[in-house]
Amino acid sequence: MTTDTTGTAARDDAPRPGGPADSPFVRACRRQPVPHTPVWFMRQAGRSLPEYREIRANVAMLESCRRPELVTEITLQPVRRHNVDAAILFSDIVVPVAAAGVDLDIVPGTGPVVAEPVRTAADVERIRPIGRDDVSYVDEAVRMLVQELGDTPLIGFAGAPFTLASYLVEGGPSRTHAKTKALMYGEPELWHALAGRLAEVTLAFLRVQIEAGVSAVQLFDSWAGALSEADYRRFVLPHSIAVLSGLADVGMPRIHFGVGTAELLGAMGEAGADVVGVDWRTPLDAATRRIGPDKAVQGNLDPCVLFAPWPVIEAEVRRILDQGRAAPGHVFNLGHGVLPETDPEVLTRVVALVHELSARG
Ligand code: CP3
């Protein structure tokens with residue numbers, strides 16, 4: 001118990017008014033009333049910003065994720081510029097996998113590339129459990145960021161078992177996920193061993209970020225949309241549940257996102273998140289009918305609409321805000337990440353427009 005200046009007892013776990021746990025973003029995730037619809041952008045920290053390109057000019061991607069000062073600066077860049085309602089930690093979904101001993105790199109223009117793809121039980125065994133000491137740079141960066149951000153919430157994140165497994169089994173990005181599916185159908189026990197191990201790594205990585213002070217976490221299952229609902233339920237859902245339910249005791253908002261998941265939204269909602277991310281293919285009112293009335297939604301402007309003339313963008317933002325009202329909470333976002341060619345000034349205008357149109361007086 002703490003005592004406030006009036007001498008009344010205040011609960012230690014009550015969010016500080018105006019603090020990150022009482023921010024419009026966290027409140028929307030919790031389906032509480034908000035002063036305006038909060039907005040942030042997946043991949044807001046990155047190549048659409050000249051100040052990002054400059055600071056990254058001579059530093060490799062993975063190396064930049066391991067330097068806390070650099071992580072802090074890059075995470076703050078879009079917050080300063082766009083007035084977004086949340087920051088997202090600058091990192092990558094493969095950072096904890098590299099910390100677990102997998103030899104990999106992030107190749108510019110390609111994405112994660114794994115030196116020796118995972119194909120056998122011995123390969124799975126070599127993926128070590130991780131703890132804070134293995135990712136101390138993330139712990140340090142989150143602590144620095146929480147100080148710098150003040151009332152703006154910081155979102156921690158990790159990759160979900162299926163999306164991580166796809167990079168590890170394929171050896172790099174894949175359009176069809178053919179090798180991953182071959183492993184799933186052909187050697188289901190090995191598949192479950194791999195996905196189970198990745199769920200442990202992901203859970204540990206998210207716990208480090210939570211203990212260091214993030215205000216919410218997002219679990220990215222970007223490529224889950226490659227699966228049928230039946231296969232998703234059988235091969236993937238139990239492992240995503242292991243991650244999300246493993247965080248239930250923390251009581252912190254959990255967001256679960258994938259691309260091309262129209263057929264999976266109901267099942268993804270069952271994984272245990274408080275908020276389900278929706279890509280641009282499914283209108284938010286239809287999405288909320290599939291997800292159910294007890295979860296908030298996040299999305300879902302097509303990142304390509306940002307290249308259209310302003311009146312088109314404005315009409316799309318209005319439509320999404322209208323359709324988002326069908327859900328018990330709405331966090332405005334894109335349907336997938338910011339594309340590198342995006343004009344950052346358009347992103348700033350979208351933030352202002354979302355705030356203006358959704359302001360509740
Ligand atoms: O602003 C933010 O959203 C935080 C930063 C962030 C990055 N990666 C930085 C990054 C986040 C949240 C991610 C998650 C991530 N990484 C996902 C899930 C989200 C999604 O987009 O679906 C996935 C699938 C990855 C794997 C990955 N890493 C890909 C596909 C790529 C892009 C390859 C390319 O160069 O086009 C990366 C590299 C990467 N991760 C970059 C950034 C800023 C680009 C590297 C660079 O700037 O040189």
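Placement of Cβ uses the backbone N, Cα and C atoms for every residue, glycine included.
TrEMBL has this to say about the protein:
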| type | residues | note |
| --- | --- | --- |
| BINDING | ARG43, GLN44, ALA45, GLY46, ARG47, ASP92, TYR167, SER222, HIS336 | substrate binding site |
| DOMAIN | 38-47 | domain 'Uroporphyrinogen decarboxylase (URO-D)' |
| DOMAIN | 155-171 | domain 'Uroporphyrinogen decarboxylase (URO-D)' |
| REGION | 1-25 | region 'Disordered' |
| SITE | ASP92 | site 'Transition state stabilizer' |
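For the binding-site residues shown (ARG47, HIS336), fewest C-beta neighbours within 10 angstroms: ARG47. Broken down with DSSP, the domain 'Uroporphyrinogen decarboxylase (URO-D)' (155-171) shows 10 helix, 5 strand, 2 coil. Taking a C-beta cut-off of under 8 angstroms and a sequence separation of 6 or more, ASP92 (site 'Transition state stabilizer') has the following same-chain neighbours: MET61, LEU62, CYS65, ILE106, PRO112. Within the set ARG43, GLN44, ALA45, GLY46, ARG47, ASP92, TYR167, SER222, HIS336 that the record links to substrate, no two Cα atoms are more than 23 Å apart, and one pair reaches that distance.
Here the domain 'Uroporphyrinogen decarboxylase (URO-D)' (38-47) has a mean pLDDT of 97 out of 100. Look at the domain 'Uroporphyrinogen decarboxylase (URO-D)' (38-47): DSSP puts its residues at 0 helix, 1 strand, 9 coil. In sequence order, GLY337, VAL338 are the residues of the chain that are 6 or more apart from ARG43 (substrate binding site) and have a CB within less than 8 Å of its CB.
Listed in sequence order, ILE93, VAL94, VAL97, LEU104, GLY111, PRO112, VAL114, PRO173 are the same-chain residues six or more apart from TYR167 (substrate binding site) with CB atoms under 8 A from its CB.
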